[in-house]
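Now, the feature entries from TrEMBL:
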type	residues	note
REGION	1-42	region 'Disordered'
COMPBIAS	33-42	compositional bias 'Low complexity'
DOMAIN	116-529	domain 'Amino acid transporter transmembrane'
TRANSMEM	119-141	transmembrane segment
TRANSMEM	147-169	transmembrane segment
TRANSMEM	204-226	transmembrane segment
TRANSMEM	271-291	transmembrane segment
TRANSMEM	353-376	transmembrane segment
TRANSMEM	402-422	transmembrane segment
TRANSMEM	443-467	transmembrane segment
TRANSMEM	473-493	transmembrane segment
TRANSMEM	505-529	transmembrane segment
Amino acid sequence: MDEIYGGKGEISSLPITPRSSAMAPPIPPISAPPSQFHSPSLSRSPLLLESPIHQETSLSTNIHTPNVKTPNSRLSLTPRFLTPLGSPVRKIIRMTKLETHHDDPDNWLPLTESRNGNAYYAAFHTLCSGIGIQALVLPVAFTILGWTWGIICLTIAFLWQLYTLWLLVQLHESVDGTRYSRYLDLFTAAYGARARKILATVSIVYLSAGTCIALIIIGGSTMKLIHQTLCAGTCSNPKPLTPAEWYLVFTCIAVVFSQLPNLNSIAGVSLIGAVTAVGYCTIMVVVSIIKGRIPGATDDTIDESSDVLKIFSQLNALGIIAFAFRGHNLVLEIQGTLPSSEKYPSKVPMWRGVKLAYAIIAMCLFPLAIGGYWAYGHMIPENGGMLSALFAFHSRDTSKTVLVLTGSAIVVNAVCSFQIYGMPSFDDMEQRYTNRFHKACPWWVRVLTRLFFGFINFFVAVAIPFLGSLAGLIRGLALPITLVYPCFMWISVKKPKPYSAMRYINWGLGILGIVMTCILVAAGFFTVINTGIKVSFFKPK
């Protein structure tokens with residue numbers, strides 16, 4: 001399928017009718033097939049071009065032997081978008097055995113080990129990483145901004161982050177044909193290693209490991225909520241599981257799935273995560289609209305006691321909206337799983353997958369924010385948003401089946417999101433091993449590193465359960481990854497003309513993003529100081 005550019009053009013030699021030595025022309029040397037664009041770890045030599053003689057030989061072979069089936073002819077009968085779903089099973093059976101070229105360190109790492117993805121891969125991964133539990137608190141922002149400014153800010157944020165995502169897709173292989181399959185690699189190419197350590201590393205680590213910690217808390221708490229719903233007045237267990245034990249149950253499930261070796265192998269997992277995310281968003285919106293507005297709910301915005309508090313509340317609302325769109329730290333990594341050549345660059349199928357994914361994301365987030373604010377108004381809970389509102393206001397007039405189905409979808413989505421957000425950390429740990437020993441990680445090292453990652457996140461989730469109180473501050477620190485750095489990296493790498501529109505647009509959005517980051521960080525500090533934090537180590541609720 002040319003439209004998804006998913007396969008590799010392999011040229012095979014088939015037997016032909018023997019000729020006499022007098023008739024046979026001299027056999028010229030045949031060059032290698034075209035290689036993919038380099039990764040940053042490879043040499044920056046020019047791309048190999050396909051030999052015309054090789055093309056002619058392959059064409060004549062196919063003309064003379066029309067009825068001969070090649071070994072790959074059977075695979076052509078399978079729809080290309082279904083082939084990724086079989087990868088996890090095959091990889092588990094092989095016990096993560098690597099089938100790569102041993103002279104390329106990038107072929108040993110989870111993010112770049114397999115590059116046979118397609119546009120459907122990109123859509124699955126982008127949708128799973130781009131929509132999540134953070135979207136459920138969007139109605140809280142509307143209680144501060146109101147209808148008009150809430151819809152305007154949500155629309156601007158959506159278009160802004162979609163534009164910066166397009167920039168990243170275009171920058172993936174924009175420098176001398178080198179493929180930058182990691183956000184930090186592109187940032188280093190644009191600004192150097194020192195700026196990477198100061199400006200980008202902390203934010204990327206938070207968006208990877210920090211998101212996994214939040215998923216453990218959300219997944220474990222939702223599992224506890226499901227258990228309470230099912231066992232309301234019927235279970236005879238005198239000692240139910242504690243929150244820490246529910247976190248442990250979730251972590252064990254997530255760690256089992258994290259043994260899938262690379263980003264391509266979790267395509268089926270990402271598809272399940274995307275479907276469940278769309279599912280629980282749809283259920284919440286439908287239930288809220290069918291049940292109607294709850295008694296006492298109004299559209300009036302929340303009035304603060306002073307103008308200062310009102311301003312900082314509005315800034316925190318902007319932070320909630322901006323952070324609802326996440327996943328930019330994974331865009332280059334997802335694109336790195338696609339094949340790429342000079343004729344068929346990876347940006348084409350990647351952008352097709354992104355457009356599909358973000359069309360679905362828009363159809364989920366906008367109804368969720370608007371419908372949730374209409375149904376609950378200023379009474380929507382600040383912690384948990386739509387999830388807390390569903391169980392708080394509709395636990396008695398909605399069937400247990402709907403409540404349990406919604407909670408189960410959130411848990412499944414959290415498990416699936418854990419895999420894709422943990423993959424950069426898996427890649428970093430295995431890269432340290434390959435750099436030291438100059439060989440691929442054996443399967444047992446891979447298993448141990450991922451066990452370590454999962455349970456160290458569990459330890460942090462149990463030890464520091466008040467991290468959610470710092471959400472506003474952390475949102476501000478992570479905002480440049482999505483809205484600021486892509487604009488400045490475009491200017492540094494592409495070097496647009498001095499008075500061109502692209503230069504003005506990127507400078508304007510970049511500076512505006514920096515101003516917003518500083519204001520949101522200040523608002524986060526003010527909120528922490530004003531409301532305080534209940535510090536309680538090893539006491540998750």
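Every residue gets a Cβ built from N, Cα and C, even glycine.
Just so you know, TrEMBL annotations are computer predictions that nobody has curated.
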Among 204-226, 402-422, 443-467, 505-529, stretch most in contact with the transmembrane segment (147-169) (C-beta, under 8 angstroms): 505-529
Contact ranking winner - 271-291, 402-422, 443-467, 505-529 against the transmembrane segment (353-376), Cβ under 8 Å: 271-291
Maximum Cβ pairs under 8 Å to the transmembrane segment (443-467) - stretch from the list 119-141, 402-422, 473-493: 402-422
Distal contacts, the transmembrane segment (402-422) - CB-CB under 8 A, six or more residues away: 125, 128-129, 132-133, 207-209, 211-212, 215-216, 218-219, 222-223, 225-226, 229-230, 250, 253-254, 257-258, 260, 263, 266, 269-270, 272-274, 276-277, 279-280, 283-284, 287, 330, 387, 390-391, 394-395, 450, 453-454
